[in-house]
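Peer 1: Sharing a structure, written as structure tokens. Questions coming.
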């Protein structure tokens, strides 16, 4: 909104700063952070009053988690509100990428909200059926993919290799939707410990802020040999909003958590990262930067497949973070070590920009 107003006024005087994406990226991060810190306590109190028992805690999970009973969930609402308000304020709202990513964020957030609401209402950890949830997710992702792909080509670019791209044609629409849905659910599976999911999301968003900015610049993209995506620079501002809102949420989610983001937040943030990766044409890089989320999702897939096939478990408990808890690692040790892994993976992802 401010960008359009400043443009209408001719970017006169101090308004000229708003012309630059780098300035708006920093301003968006700070705005989302401040909004989140201001509304956080009110949101948490409201959720605590309305939910009563809070998020249901599984009896068959780690026994240390039983102490978390009564902690409110749906904290993802404050993330989404902080993110959306800061974006409306600072982004160029004419960008189709903005609306596609916003559609995924809000749409997936709504799906997660319905899932959380069902869990809280029924005091059960099951929520909405997986088939119904996936159907709704693919519907939202399909719409967003259509908007995004109308602005970019349908080639899949391979990192670490010069001038190597795979033409997917119409199948790219399906591929894009799978990336978005997969990212949303991978982050959702990672969100099982205080602070575990939100910091890797912040790290991934920071990494993609750099990638999106570079992809949006003709000079940098040509120098690095990465696909140039006109208008992708605005996605750096979207990433900054995720970072700011995420940091504000972490303030309240730090152990012991005062609130859980729930499926409302994890699906929204994961889906947003997937949409940003598709729009910036760095889908494979997302699998590297978000490798922790991939690892968590694979641990569940492997556990379920192997148990159905043999009746035995590969891990003591899935997702994998619970396996390490069962090995005797404290929750804080699991969380911090997984954060370290996320930082290393982010650096590896950035290395793909130059290593050919």
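Cβ atoms are placed via backbone N, Cα and C, with glycine included.
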Peer 1: Which stretch does Swiss-Prot mark as transmembrane segment, out of 6-26, 27-47?
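Peer 2: In Swiss-Prot, the transmembrane segment feature sits at 27-47.
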Peer 1: Spell out yes or no: are there three or more C-beta pairs under 8 angstroms between the transmembrane segment (232-252) and the transmembrane segment (27-47), with each pair 6 or more apart in sequence?
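Peer 2: Contact confirmed: at least 3 Cβ pairs fall under 8 Å.
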Peer 1: Determine which residues of the chain contact the transmembrane segment (97-117) at the Cβ level, with the cut-off under 8 Å and only residues 6 or more beyond its ends counted.
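Peer 2: Contacts of the transmembrane segment (97-117) (Cβ under 8 Å, skipping residues fewer than 6 from its ends): 55, 73-74, 76-77, 80, 83-84, 87, 91, 127-128, 133, 136-137, 140-141, 143-145, 147-148, 151, 180, 184, 188, 231-232, 234-235, 238, 262-272, 274-276, 279.
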Peer 1: To the transmembrane segment (333-353), which of 27-47, 138-158, 258-278, 284-304 is linked by the most Cβ pairs under 8 Å?
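Peer 2: Looking at each of 27-47, 138-158, 258-278, 284-304 in turn, the most contacts to the transmembrane segment (333-353) are made by 284-304.
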Peer 1: Quick check: do the transmembrane segment (165-185) and the transmembrane segment (27-47) share at least 3 Cβ pairs under 8 Å, counting only pairs 6+ apart in sequence?
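Peer 2: No, the transmembrane segment (165-185) does not contact the transmembrane segment (27-47).
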Peer 1: I need to check the long-range neighbours of the transmembrane segment (27-47): which residues 6 or more away from its ends have a CB within less than 8 Å of a CB in the stretch?
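Peer 2: Hits for the transmembrane segment (27-47): 72-75, 77-79, 81-83, 85-87, 89-91, 237, 240-245, 247-249, 251-252, 258-259.
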